[in-house]
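Here's the structure we're looking at; comments come further down.
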């Protein structure tokens, strides 16, 4: 896609596209994948890329993307927010402008919106070549062949999972960090959520298969894995083993070469002491936790069908921090859920003050078609926006105060990249410390410059609003060291 047709997110997504020795050869076609939404979609896009490469397609270079020198554009969509359809059709429209320049370009649409609006997509956007659901990644090459042969849009969306996406080939976006899905789908019935409709009921992978995949990731160069699931800590409940997730975490601790393990997302109702103990006692399990609150009002939590209340939520946080005082805990909060009063909102603000999250993903409630909450009486937008702004201001204050506590401390950072156009002059690198905080590091003059995947221990010299800076003065006794 041309630069002037791309959003900032699209430009950033270029960096996630895999490249290999096939570049310069068109193979069956040069492709680019644009991903919207959550980490599971990022994981699925790696599988889409893997399936395409296994069938003779070649990932595009940055120059090919910028020059529209493409044979296939794939859009992996999200359905979580109300504007998901607008974003999808807007992106499909931009893809069509590329097709006007390259008439033979094929356009494929997958992901959660494809699962929901399969027929509408084909009817509304006749230039789309293929529509495939979340359970049909492996069908994409066949659909493209059929479209090429017939000239007609091909639609393949099934409700039953035939095989885990993780069993498909993968073209991983990162050499050092890997996504590993432990389950797909969700058994919860939150009244605001569309995920059970688009992803289906929860199905767990076999622990042995998960561990085999992790070992392969490490053999391929990964230093870090993130375990993925809509509700990771209900892993194993289907076979009657409520300790399966904590056992899996401990098993990750036995894998040689695996430096860091994270997971997302757990459900507070199923977060048990055995998981806390496994996190605290397994050295390579990072003390980072995304713990969705959604609301601090018990009345609203009940309306959301969230099977916990604010007191239980805060009690679990207390147990986590007692076991791991350094834990960084982030959250999700929905503002303006139908029926939310100012009193309900103030209860959310109170919980946020007590919880002191490291960060929060705050969302204005978006009604999703077919969910129970969409049929409830909605709150005026101006009221919701005012509450949203107040919550964001409170959380930003807490985040800044939390980051300030890192100043003067030594942190170990896994290097994931370099900063800006001047990185070769400033030797400034970036990465995340153990609890997930983003750290930008200035390499002191005369000290070794780390490569991506190296670990740097450095003294934090300044806390920003959303990240940390480490510009250590080695001569003054501040720390800087590199571990390969």
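Even glycines carry a Cβ here, placed using N, Cα and C.
Keep in mind the model is a prediction, meaning the values are calculated, not measured.
Features of the protein shown, as given by Swiss-Prot:
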- 29-149: domain 'MTTase N-terminal' (DOMAIN)
- 38, 78, 112: [4Fe-4S] cluster 1 binding site (BINDING)
- 172-401: domain 'Radical SAM core' (DOMAIN)
- 186, 190, 193: [4Fe-4S] cluster 2 binding site (BINDING)
- 404-474: domain 'TRAM' (DOMAIN)
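Projection of Swiss-Prot feature records onto the structure.
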| residue | record | Cβ within 10 Å |
| --- | --- | --- |
| 38 | [4Fe-4S] cluster 1 binding site | 17 |
| 78 | [4Fe-4S] cluster 1 binding site | 20 |
| 112 | [4Fe-4S] cluster 1 binding site | 27 |
| 186 | [4Fe-4S] cluster 2 binding site | 21 |
| 190 | [4Fe-4S] cluster 2 binding site | 21 |
| 193 | [4Fe-4S] cluster 2 binding site | 20 |
Residue 38 ([4Fe-4S] cluster 1 binding site) and residue 190 ([4Fe-4S] cluster 2 binding site), distance between Cα atoms, whole Å: 18
Three-state composition of the domain 'MTTase N-terminal' (29-149), taking helix and strand from DSSP: 64 helix, 25 strand, 32 coil
Pairwise CA distance, residue 78 ([4Fe-4S] cluster 1 binding site) versus residue 193 ([4Fe-4S] cluster 2 binding site), rounded so that it is a whole Å: 12
Distance, residue 193 ([4Fe-4S] cluster 2 binding site) to residue 112 ([4Fe-4S] cluster 1 binding site) (CA atoms, angstrom): 12
Between residue 193 ([4Fe-4S] cluster 2 binding site) and residue 38 ([4Fe-4S] cluster 1 binding site), the C-alpha gap once rounded to whole angstrom: 14
Residue counts (helix, strand, coil, in that order) that DSSP gives for the domain 'TRAM' (404-474): 6 helix, 30 strand, 35 coil
Distance from residue 38 ([4Fe-4S] cluster 1 binding site) back to residue 186 ([4Fe-4S] cluster 2 binding site), taken between C-alpha atoms, in Å: 15
Env. residues of [4Fe-4S] cluster 2 site, Cβ within 8 Å of mean position of 186, 190, 193 Cβ: 188, 189, 192, 194, 195, 196, 230
